[in-house]
Amino acid sequence: MDYLGIDFSCALGSIKNGNFPPKDCLLPLISKLLGYAIVAASTTVKLPQILKILKHRSVRGLSVVAFELEVVGYTIALAYCLHKGLPFSAFGELAFLLIQALILVAIIYYFSQPVGISTWIRALLYCAVAPTVLAGQIDPILFEALYASQHAIFFLARVPQIWKNFSNKSTGELSFLTCLMNSGGSLVRVFTSIQEKAPTSVILGSVLGILTNGTILSQIIIYQKPQVQKEKKVK
């Protein structure tokens, strides 16, 4: 039985015979199911962050550059996975994350008025280059170099936000739920990437995601608790 690229025959056959599915049969099945679970969850992962900004009509404490670099990173990662022909369950969340990241940046621009000329130049440059990258219409060697730099881009995308949180001793309008889902998604993606025999660079990217997202998540836990206590005292 094969459904959405998932082969259930091995596991179901073992269960029908009264046996527990063997490791070689069970792990790939779990990997596929988790992969599609991540893809499903990714459709709303940034929604809490978007709603929090809209509710408070504020981008206080958010690093604009961090979110812009995130868009660039998602674009390169999605283009690379499409180019490599990886199964959708191994990278599908990138498409949904990219769409939400673009919406998030647009909202941040809106609540960061007036937007400077340099910001408009970065936005226009992205719009000009992104379609070519996503279509894979670039030199293969350059493609590999771009994907290798993608890990640095994602790392650098988190650093400004981590530093801003540390400097302000506050995480502003950062959403705990979005950061929690980002951390959990990176953790699960390490397992699924190994099972799908994805390139080492793909696995490395997920590991970096665990470290950086985990750092921001810990900052939210540390800094938002004192902030809530201050607000209660003021009331």
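For all residues, glycine too, the Cβ spot is worked out from N, Cα and C.
Among the features that TrEMBL reports, transmembrane segment is placed at 26-47, 59-80, 86-111, 123-143, 202-223.
Here the transmembrane segment (86-111) sits against the transmembrane segment (26-47); at least 3 CB pairs are under 8 Å, leaving out pairs fewer than 6 apart in sequence.
If one looks beyond the transmembrane segment (202-223) by at least 6 residues along the same chain, the residues whose Cβ comes under 8 Å of a Cβ in the stretch are 77, 81, 150-151, 154-155, 158-159, 161-162, 165-166, 169-171, 174, 176, 179-180, 182-183, 185-187, 189-190, 193-194. The list of residues near the transmembrane segment (59-80) in space but at least 6 beyond its ends in sequence, with Cβ under 8 angstroms from a Cβ of it, reads 53, 91, 94-95, 97-98, 101-102, 104-105, 107-109, 111-112, 119, 122, 126, 130, 133-136, 143, 146-147, 149-150, 153-154, 156-161, 164-165, 168, 170-174, 205.
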